[in-house]
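Reviewing the structure listed below.
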């Protein structure tokens, strides 16, 4: 290893021990590539865009909905467009520093690059986040010292450079030259020499070092250690497949609006347009596209015929068994994909109340409703504080799409690997229980509540439902049946059903159905506060 400039002192806590010995007997063995390991044997002049960056921007919130039209470039006076590598690194630096998610940090940076480079910028940001545990482990082997917290921008730029070398088709000389050139904009004179030395060493020795690191499950699965352990404990037979699905590019899935077209009719329309697509297995309204595309180019999008929404998220509306005249609550509703689906499935509801904590997120819900020609009562409030927003009229149906770790949608939001920590899970489970307790009194006796998360961790799912049933005498669980002659999706749990992310298929999701057989006794759990 070449001598590198002295710097910093922040090593990713998930990076494996840099003293690991090289494994023998690997010469000529390509099996490691089948686990998502890089293959640099084929390159072209331009990067292949990450499909998750396409679909992810079009379903920019966790549960998917519609794409917003791209904004025009907003360069500062006298400032030229930013290099896409630098833009991606700046977005990632905010994530590494714990200040933002890619959903919030990337759009600002996209405004600074040429329109033609936005796809590359998205690919670099999403792809680097996807493989960050592996790339950070490689960086740790190549660096003499870890980075200081103040140098997250240099660290992010290095990771973007490594991603180009091992996971893009950008020629190595261009990846190194362009990335090193971006260092001038960071105003840290030492960074240019460091990046040049590390990236050239990675070009020469990187694949051998990755093989050496393969023994560590963090590197092998490209998942942080806490999450890899949690998945292995919860799913001892499936955890490696879950990790592989999390690292795969997600498909782009559409939801057909029943009020305008049947799924079969829309499939014929796509076929006529020369677009390959197929029906989803479990959702009656779902269509999976063979290749992601700009949703605005699809037939009938502007007219509200379709929306972008994962198949697993589409199951919620039918699980509620909606009927005419019912009053429905969609708690934690943003970005509104499920809110809209409820109204598409049953247009004769007496009303839908959609609550979300943040008023700015309800703007997106309203936009989705307007495009589809639908309406709902939108309320910005903490759903737990029912005294602030509930009018006292009971709901016959409640959808509680609870805030969660989002570990079932990592493939669409790979920065979850960076933004979530083990301590978050217990806090989220507590919040989920509080939401159930608060909303239960608003449900009419005989009414149904569907509890949903996009988590694959039992702590947030079956454990939450078990605890709620134990303290709520008026609640009973209902079995989840299949739809349209299909068996029910997912794996039956002690309570509810768990869907695990499938390569080429649906996201990870959890559902449980509860019925209210009696009001809670006075002073018991679930009394409105």
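Cβ coordinates are placed from backbone N, Cα and C, and glycine is handled just like the others.
Annotated in TrEMBL:
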ACT_SITE  454  active site, nucleophile
BINDING   332, 333, 334, 335, 336, 337, 338, 356, 382, 401  S-adenosyl-L-methionine binding site
COMPBIAS  1-48  compositional bias 'Basic and acidic residues'
DOMAIN    242-517  domain 'SAM-dependent MTase RsmB/NOP-type'
REGION    1-68  region 'Disordered'
Rounded inter-Cα distance in Å - residue 382 (S-adenosyl-L-methionine binding site), residue 454 (active site, nucleophile)
20
Of all the recorded positions given, 332, 334, 454, which has the fewest Cβ neighbours within 10 Å once its own Cβ is left out?
332
Can you tell me the mean pLDDT for the domain 'SAM-dependent MTase RsmB/NOP-type' (242-517)?
97
Fill in the CA-CA distance, residue 454 (active site, nucleophile) to residue 332 (S-adenosyl-L-methionine binding site), as an integer in Å.
13
Where does the residue listed as 'active site, nucleophile' sit in DSSP terms: helix, strand, or coil?
coil
